[in-house]
Amino acid sequence: MAKPLVTIVGRPNVGKSTLFNKLAGKRVSIVEDTPGVTRDRIYAESEWVGKKFTIIDTGGIEPENNDIILTQMRRQAQIAIEMSDVIIFMVDGKQGLTDTDNEVAIMLRKSKKPIVLVVNKIDKNVEENNIYEFYNLGIGDPVSISSSQGLGIGDMLDEVVNKFKSEGEDEEEEEYIKIAFVGKPNVGKSSLTNRILGEERVIVSDIPGTTRDAIDSFLETDFGKLVLIDTAGLRRKSRIKEEIERYSAVRTMAAIERCDVCTLILDATEPISEQDERIIGYAHENNKAILVIVNKWDLIEKDDKTMENFKKNLEMKFSFMAYAPFLFISAKTGQRVHKVLSEIKKCYDNYSKRIATGVLNDVISNAVLMKEPPVVAFKRLKIFYVTQTDIKPPTFIFFVNNPELLHFSYRRYLENKLRQSFDFEGTGIKMIFKERKN
């Protein structure tokens, strides 16, 4: 289940960035008294009573006007609101209710998202009675806090996490293989999605994603039940190019967290960018199955070494995830598109693979016989037994005499033996070394 997204919204200078920095545990947003200082949406991870979530700080929402920066901030806040699972609507208890607060409240009510109304700047110098006028917003019971002094934040977070969906609400989605097509704008995500949907012709339904604003396409295919998580709508004609990456970052992150198989789509005509590396790095860190698709292969002049050389370049760029397969396609012409779902299914099967304990220990025992662990600090690692404890990704616990005796090269050797024996192409694997207690 993906971490919920919580967005802090409100007009400028009510204290959103101060609260964001408290929740993020570090100073991420610039905090000044000048309206409009938080121009970009910024996000960070947070946790309360064991529940993890992503918190988003937005630029303040001003009434419509001709100021280009304020217009962009308002648009960005609207995108964040669309994506959110819960919205923290912050108002200023010292200044009181304003016309802009009422305008924001109207916009939030239209979103039909769970809202926690927070009255900030209620401290020793401001009476608690100041919160009552905010009932007029029609949002619900206000929660009073002082973000600068840290007062009332626990009560506010209790309200926030109580509005999260329970895990049971996502059970219907669990029977599907969740696939995210991610990548920079214009690499062909939309074309590939449309090509796959058009070829399969077995769409069950197009319904709003259960936890995000993207449209998820539910399919029943020869490869099982699939969900294509749509991140293709990141670019809209009304948005200038410079805004696209800012809008896409959180959506891409959310799609990766939801998916089982992260499919990075690259443009064969362009060099691999830092953005590509960040996207795939995030999928790797989140232990997702990964497939790399190189699109627009029809536009490349080729000889018998072109694909091999391209693969070598990719392997150097993505050396930290050598397990990921590559597929060269053209969404425009349909070249090799028929292989996309079968490759995704293979990655997923390996991602959710279980190995019998007996077979697993036979492989590791033989590996140790072929090559003993190196001596570290005059001692040698001894592996007593290994067991698989989880899937998605496959997770193995090795019970040993002393984990500190494990050399990184021997860890890599054991991983290679597991991969050679059980075919974990397309997925990372976790290897945990624990001391066996007598």
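Keep in mind that glycine also has a Cβ here, set from the backbone N, Cα and C atoms.
Other Cβ atoms within 10 Å of the Cβ of Lys16 (GTP 1 binding site) number 26 in total over all chains. The GTP 1 binding site annotation in Swiss-Prot covers 10-17, 57-61, 120-123.
In the three-state DSSP scheme, Asn186 (GTP 2 binding site) falls into the coil class. The GTP 2 binding site annotation in Swiss-Prot covers 183-190, 230-234, 295-298, and the record cites sequence analysis as its basis.
Residues or ranges marked as domain 'EngA-type G 1' by Swiss-Prot: 4-168.
Look at Swiss-Prot and you will find 177-352 tagged as domain 'EngA-type G 2'.
Helix, strand and coil residue tallies for the domain 'KH-like' (353-437), in that order: 32 helix, 24 strand, 29 coil [DSSP]. Taken from Swiss-Prot, the feature domain 'KH-like' applies to 353-437.
If you take the Cα of Gly10 (GTP 1 binding site) and the Cα of Gly183 (GTP 2 binding site), they are about 31 angstrom apart, rounded to a whole number. Counting only the Cα atoms, the space from Ile122 (GTP 1 binding site) to Lys189 (GTP 2 binding site) is about 47 angstrom. If you draw a 10 Å sphere around the CB of Ile122 (GTP 1 binding site), it holds 24 other CB atoms from the protein chains shown. Neighbours of Trp297 (GTP 2 binding site), defined as other CB atoms within 10 A of its CB across all chains, total 22.
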